[in-house]
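Working notes, structure below.
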Amino acid sequence: MELLLLSNSTLPGKAWLEHALPLIANQLNGRRSAVFIPFAGVTQTWDEYTDKTAEVLAPLGINVTGIHRVADPLAAIEKAEIIIVGGGNTFQLLKESRERELLAPVADRVKRGALYIGWSAGANLACPTIRTTNDMPIVDPNGFDALDLFPLQINPHFTNALPEGHKGETREQRIRELLVVAPELTVIGLPEGNWIQVSNGQAVLGGPNTTWVFKAGEEAVALEAGHRF
């Protein structure tokens, strides 16, 4: 399988998806036809989100079609060489994808050679479940099981920083709480600016920041760019 799972879409001082464009270009391998799944968009319309994505990817020669615009979404997925899932609200993304019965066809198409690109919520959707999302508002997606293309749970936008005087939990504390009730999970705290690239059966960590791996009953493990999962 070919996956590009990004923690986020924007870095300080850079345009939207700018940091991701070289990564995407490097993994295209001649692919040009893409479907975009915009359902995580809540404060922007799906048309706006699709047009924005198409515009930024056009210089790479990628032709983007919004999945919500086609008469036969399953046929569009089958024909697609690239499946792109945008960030936003993970619950809304999973709900809409499940209601349209897109999860199994997307997973099957990626397993048969389509490149999967997802940032933030799109990276969450590639995991076994969406139980490590950060998102609100919460809508009922009728179950948390997701695409299960990547075997570990990703927590995107990972940071352990708290504003001065803030008394809420750190991100690590919240992940630790999850591991109490679901000790079978392994969670990757993926900071902004980092990504996981899967190609030829190898998953490789990229990005400038330390990534953390959390398991029940164990100390967190720090990983740097180049680590192979």
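Using the three backbone atoms N, Cα and C, a Cβ is placed for every residue, glycine included.
Because the structure is a prediction, the values reported are computed rather than measured.
Some features that Swiss-Prot has for this protein:
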type	residues	note
ACT_SITE	Ser120	active site, charge relay system
ACT_SITE	Asp135	active site, charge relay system
ACT_SITE	His157	active site, charge relay system
Quiz item: Per DSSP, to which secondary structure element type does Ser120 (active site, charge relay system) belong, with helix, strand and coil as the options?
Solution: coil
Quiz item: Ser120, Asp135: which of these active-site residues has the highest Cβ count within 10 Å of its own Cβ?
Solution: Ser120
Quiz item: Distance between His157 (active site, charge relay system) and Ser120 (active site, charge relay system) at the Cα atoms, whole Å?
Solution: 7
Exercise. Measure the Cβ-based neighbour count of His157 (active site, charge relay system), defined as the other Cβ atoms within 10 Å of its Cβ.
Key: 17
